[in-house]
Structures are given as C-alpha cells and as structure tokens.
Amino acid sequence: MIDLTTLIVMILSAATPILFAALGELIAERAGVLNLGVEGMMIAGALAGFAAAHATGSPAIGFAVAAIAGAALSMIFGVLTQYLLTNQVATGLALTLFGLGLTALFGKPYEGVKAPSMAQGPLGLNWIIWLGLLAVPLIWWFLNRSRPGLILRGIGENHHAAHALGHKVRPVRLAAIAFGGAMAGIGGAYISIATVLQWTEGMTAGAGWIALALVVFSGWRAVGVLAGAWLFGGVTVLQLRLQAAGVNVPVQLLAMAPYLVTILALVLISARRGSASPGSLGQIFHTTS
Amino acid sequence: MWTLEPRSDAPLIWQIATPIMAVIATMLTGALLFGLMGYDPVAAIRTIFWDPLFGASAGYSRPQLLVKAGPLILIACGLAVGFRAGIWNIGAEGQYIMGGIAGAAVALAAYPAEGWWIFPAMVIAGAFGGWVWGMIPAMLRNWFGASEILVSLMLVYVAQKIAAWMAFGPMRNPEGFGMPGSRNLSQYASASNPEMFPGTGIHWGVIAAAFAVFGVWVLMSRHIRGLQIRAAGEAPRAARFAGVKPSALVAFCLGLSGALAGMAGLFEAAGPAGQITDGFGSGYGFTAIIVAFLGRLHPVGIVLAGLLMALTYIGGDIAQLMLQMPAATVQVFQGMLLFYLLGFDLLTRYRIRRRVTA
C-alpha cells in the first residue's frame, strides 16, 4: 500500500483539473449562462498550454497561454449566445465539438513530445494545486461578499430585473464566460502539463462534462464544488489503485467508475435538493431598449 | 444603431436560406483556414465537396454517401423529435454503441446457426439496447430531476468502456488469434447486413432511415403526439395546462431517439463495421446532432443535411489520401458549420431594424 500523504497528494492532483473548470463554469452559471463547451475549452487549454510550455520550457507560461486560449475560444460562444441570441445548449455543444476537432487538427506535431517538468511547491504540491485551493475562498468571497458578485448573481437570477436596475447584462455575462473559459483552459493544461505529461488527442476524456455535473452537484456554491472535486479525485485515484493492485475486475469496468459516480451524485443531489439553479440560467436575454 | 425585433413567425424563405448561407460561410472560412495551413484552398474545397460525387474515383465514393448518411439520418430523426420538445439527448453516441453491442450479442449467441429469424432478432435487440440506454437518463430525470443532458453524455463514456470490455473480454473472437474484437458478422450470412443493390450503398440501415424519415414526418405533422411535442417545446406552460404530461414526453423522446440510435448501431455492427471493436463508436452520434440542427429539426431537412455531412466525411477521407490533410479537418468543418448555422438563425427569428433615435 501507499502512505496517506502520497494518497492525499494524488487525490488533490486528480481533483485539480475539474476544480478549475467547475469553478469557472460556476461563475458563468451564476451569471445565468449555461456553457456546455467546457470540454472543448479544456482540450484547447490542454493543447495550447502544452505547446507553449514545450516551446518555452516554462510551465508557468504554458498555463498563462492555456488561460488565454480557453478564454478566446469561449468568446465564440459569448458572441453567439449574447449578441446573436443563439440557443445556449446547442452553441455550447458546438463549442465542444469544435474544440475537439481543432485540437486534433493542430495537435499532431506534439504527439510523443514530453512536457517540461514542473517545480514542486510547499508540502509536495505544485503551485497550480495551491492556486486552485486558493481560488475557492476567493470565488466564495466574490460571489457572497463583493458588490460585483452581487450584481453578477442578480443578473443570473433575473436578467430583466437586473437590466431594469441599470446593470449591463451582456458585458457582465461576456466577462463571466471569458473567466469560465480561462479557468477551463488552466484545468485542461493541468492534465497535459502536470499529470499526463504529454499531449494525446481527446485527452480530457469527459473531464469538462464531469465539471458541468459538479456545478449542479455543488448546488451552485464554491465550497460544494471543492467537495465534489475531491470526491471525484478520490474515486479516480481509487480506481487507478485498484487497477494497479490487479483486482480481478476488467480494467475497462473500473475505468467507468468516475462516470458512474458522477451520475449517482447527480441523482442524489437532484432528488434531495430539487433545483437550486439560477433563475435565468440558459435563457436568452433580449431587450429592445 | 440596430435593434432586433422578434418575429412572430419564421419565414420559410429564411428557414431555407440560412442553412445554405451557413454552408457557404463554412466553405469560405474553411478555404481561408486551408490557405493559412499551406494548402491550395480551391483544390481542398473541391476535393472535399466535389470529388466524392464527380471526381475521378466517384464510382467508388458515391455509394459511400448512403452508407455514411444512413446512420446519421436515422439517429438525427430521433434526436430532432426530442430537440423540438426541449429534451436534450446528447448521448446518442452511447445509445448507438449499446445498440451495436446488443445486436451483435444476439448474432454471436446464435453463431453458427443459420436462419431467417436471426437478423430481425438482431434489429430488435439493437433497438432495445439503444432504448434501454436512452431510458436511463429519461427515468433519472423523471424520478429524481437529474439533468438528461449530463446523464446521457456520461453514459457515452460508460458505453465506450463497455465496448472496450466486450472487445477484449466476453465478445472476443475465439478464432481471432487473441486479437481484440468480435467475430466478423459480415462473414456470417444470417447476421450480415450487406449492400443490397451493387453500387448503391443501400443496406438495411438505409432502408430503416427512409422509414424513420417518413415516420417522424407523420408523427410531427399528423399525430397528436407530435403536436404535444411541438407545444411543449414552444410553450411549456401552455402545454402543461393543455394536459401534456412532461414526464411522458421525456420518456417518449429519449426512448425513441435511443431506439433509433441503437438500430443505427446494429446496422453498422452487422454491416460496414462488421464487428464490435474497442473503437466501435465512431462519432456518428455526435455528428447526428449537427445533422438534426442543420436540417432544422425537420425530416426533409435532415435527409439533405445527412447527405451533406456524409459528403464531408468522404471528402475528408479523400483529402487525407490525396492532399495529406489531417483527418480532424472534417471535425473542425462540422463544428464551424454548426456555429454559422446557429448564428445565421438570428435572421429567421428576428427582424433587424434600424433604430430611430430622437
């Protein structure tokens, strides 16, 4: 067996990509925007971040580029849904398909290339893990204690009321979408730069969708997102440990665990809480004035 | 300044014009992209959109059009019904895989018996497998309020793992020299789904797609259930007051789209793919979502959209062969097309007016 510290490090590491992506999506959804393109933005961040880290030898630059790439891709979604008033479900889905295609197209030269190594931070955790943990209280504070956070929540709960009060619905939402994109990009880059250490096509393998489920699971709260990410990280590590330990269950069946646990968590939360989703979530905002 | 004024009706002219505009815009952007990547843009566009139909090797590629369009149309028909009602089944890929596995299981259990009943039993099993996989998100939504979007999508990954397990485990061909993958059903007469008329590409899946198109058209325009579906999508509250039960619609739409996707999977497993392998799911379930939207959720539109998407698949293969273009190019094209389509749709739903400022 392995000791407890190693296990905790592994769980925290496995939780980090979806923690980032889910925190970003949390902000977008609290602003009333349902962006199903998380998977697409994550994979874009995974490739852009890997490419930049490989070219410069600096993981830090890699993560910065990943954030920019995720945000840039999210702006396609932002302009379409906020200004061309498209259906958010369909547009988000298109973003995911587009991101997966685009990265498959431009990722070929990076296959089989190794990532530069990342510096260890305090307690044997790299600084992106720390950044993710730090982001949770910051986002909690932003949403619940700051004035811009209050405006953002107001827009998400009832965009017509917020508009009537003079708040700029579309710019705020665009900013929330961009933040969501940047966070998804960082989460994706964590997979390619810090865990897998290389680029492979479609490597996010549904992490973006799990992040979306996590936001529902959290009841749209930052602390809930953290708890969900740890739960998911735990299941992932447990599944990998069981594989390594040679348990008499086919590998492919063990690999289903994270997806099944996500479904189970969704069911339990939805049954218990009903829907606590922001009032205007996923609705098109149109005004003539 | 410009303002947008909602239209009370969607003019037919724009409904037809916007998909065409989207295709043209995609071609132009695609040409630009190819230019930037260092390919001859005109040659690339011609290879993808023209050569499969009229090029030098069109005799081979033309039948492929129906082979590829068949499953896309079959799946998209089912999805379109749900999308009309605001029920988002985006896990058709998983239902397709499970249908393929369930159908192949019947064939493998019957092997090496021969009989007229085997293939029909496989079709039923395939539809059943997809139906079950579609009913899971339906029931979880009806009983617990879980999002059918996320559950159906999660089940895609679960289905992919099951396919891999089947290929390496229970369904592995005992005479396959240890290679992963099931027996090849196209070499098993009673279970195979061959080309029916040489040179046309028509197999049972294409025939089923034709029936599905007609069936969905009847359902949506002539049947009370279709009216309920359209009402639920356009005015959910009004539909509820009129006595439409949302839970019944969820079960109906997810069950129908699941069954059709499952059948598509079975026809593929018994025909063009021939066997269950690790990578049996080849993305038809996701592309069918684009087909449904491009076809404006209407059966006739879906036929045209399915043929166009099939064309890009074949054109993409040719471009890969002739111009050494990466296979993912087609995926980028499809994503781009959906973006343009959704964007241009503004013109159908809104009137653009110049604002009179005082």
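All positions are counted from 1 along the displayed chain.
Even glycines carry a Cβ here, placed using N, Cα and C.
Annotated features in TrEMBL:
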TRANSMEM  B:12-36  transmembrane segment
TRANSMEM  B:66-87  transmembrane segment
TRANSMEM  B:94-111  transmembrane segment
TRANSMEM  B:117-136  transmembrane segment
TRANSMEM  B:148-168  transmembrane segment
TRANSMEM  B:202-220  transmembrane segment
TRANSMEM  B:247-267  transmembrane segment
TRANSMEM  B:279-295  transmembrane segment
TRANSMEM  B:302-322  transmembrane segment
TRANSMEM  B:328-347  transmembrane segment
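Contact between the transmembrane segment (B:148-168) and the transmembrane segment (B:94-111) holds: at least three of their C-beta pairs are under 8 Å, each pair 6 or more apart in sequence. Highest Cβ contact count with the transmembrane segment (B:94-111) among the listed stretches B:12-36, B:117-136, B:202-220, B:279-295, B:328-347 falls to B:117-136 (criterion: pairs under 8 Å). Sequence-distant neighbours of the transmembrane segment (B:117-136) (same chain, 6+ residues past either end, Cβ-Cβ under 8 Å): 89, 91, 94-96, 98-107, 110, 151-152, 155, 159, 190-193, 204, 208, 251, 254-267, 269-270. Across B:12-36, B:66-87, B:279-295, B:328-347, the stretch most heavily in contact with the transmembrane segment (B:302-322), judged by Cβ pairs under 8 Å, is B:66-87.
Using the rule of three or more Cβ pairs under 8 Å, pairs at least 6 apart in sequence, the transmembrane segment (B:328-347) is in contact with the transmembrane segment (B:12-36). Through the fold, the transmembrane segment (B:66-87) approaches residues 96, 148, 200-203, 205-206, 208-209, 212-213, 215-216, 219-220, 229-230, 232-233, 236, 249-250, 253-254, 256-261, 263-265, 267-268, 271-272, 284-285, 287-289, 291-293, 295, 297-299, 302-303, 305-307, 309-310, 313-314 of its own chain, all at least 6 residues removed from its boundaries and within a Cβ separation under 8 Å. Most Cβ pairs under 8 A with the transmembrane segment (B:12-36) among the ranges B:202-220, B:247-267, B:279-295 are made by B:279-295.
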